[in-house]
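S.K.: Quick one: the structure is below, questions incoming.
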């Protein structure tokens with residue numbers, strides 16, 4: 001009986017694909033080696049412990065219909081579009097070894113005519129006259145008895161959009177001697193004009209089979225019907241929820257300040273797991289009562305635009321004379337928090 005399993009998703013939904021990945025990882029036998037190939041439409045994927053409000057331009061994402069997806073592995077934020085080919089390798093311990101899966105990806109690239117090398121913790125780079133250029137980034141997750149390595153290959157990604165949605169860590173970039181995110185990455189189409197997602201998937205699949213000396217038919221995973229995976233519906237519901245994607249952010253504080261024609265406003269928020277644990281409002285307005293009431297009302301609310309707007313709207317009945325001010329405040333908060 002084969003120990004290999006090959007799955008290919010024809011969905012571009014990041015929540016669907018990450019839910020499939022999670023279900024397979026939880027339920028795979030310890031003796032199985034899995035390759036899962038997939039790709040996402042416009043998405044910012046963040047690491048398990050990251051703060052989306054800090055890492056991402058959430059307002060721009062909302063305007064451009066870019067999704068946010070929190071993965072279960074660590075690491076940083078990345079932008080996915082259909083120019084990225086995503087892979088996940090899974091195996092039980094003690095066999096799980098990310099150097100094996102890295103070797104398989106390098107062998108696949110080599111078979112296509114691209115000589116790449118592993119660099120640092122999680123990158124694959126190609127040498128160019130302008131220096132090393134990253135063509136793949138990865139992240140990892142391990143439990144007591146199994147592990148996975150997942151990553152992307154930059155095939156024909158719209159690199160100009162990286163900067164639209166990500167807020168690069170300036171300290172991290174300075175430590176690596178990098179001037180911008182865009183300058184250090186390269187698409188495989190620059191090296192292999194005309195290369196397709198299907199060709200890359202085929203190369204990775206063949207390298208996977210060659211390494212283990214076995215072949216297996218691919219299982220196509222489709223959103224047209226619920227995948228036959230135990231607990232998939234519950235896993236998908238969690239993966240697509242605001243509570244997971246935003247609410248799992250580490251505790252943080254946010255200070256908002258603005259001057260309106262009717263007075264200056266400062267709002268101080270302490271947020272834990274996406275919920276406002278403390279809200280303080282300061283103002284030099286001649287009528288501070290609505291702001292004071294807003295601070296009290298926001299305590300315990302989710303830190304999300306619709307909730308903040310609703311809190312302002314709900315105060316209009318109590319303070320009808322300040323209707324215009326409260327509407328202006330709601331619009332400003334929505335812009336500032338997105």
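A Cβ is built for glycine as well, from the same backbone N, Cα and C atoms used for every other residue.
According to Swiss-Prot:
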- 29-216: domain 'BPL/LPL catalytic' (DOMAIN)
- 71, 76, 77, 78, 79, 134: ATP binding site (BINDING)
- 134: (R)-lipoate binding site (BINDING)
S.K.: The record names 71, 76, 77, 78, 79, 134 as the residues that bind ATP; what is their largest Cα to Cα distance in Å?
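M.R.: Taking every pair of listed residues, the largest Cα separation comes to 21 Å.
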S.K.: Provide the number of Cβ atoms within 10 Å of the Cβ of residue 134 (ATP binding site), excluding the reference atom itself.
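M.R.: 18, counting other Cβ atoms within 10 Å of residue 134 (ATP binding site).
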S.K.: Find the average pLDDT over the domain 'BPL/LPL catalytic' (29-216) in the predicted model and report it.
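M.R.: 88, rounded to a whole number.
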S.K.: Going by DSSP, give the three-state secondary structure for residue 76 (ATP binding site).
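M.R.: In the DSSP reduction, residue 76 (ATP binding site) maps to coil.
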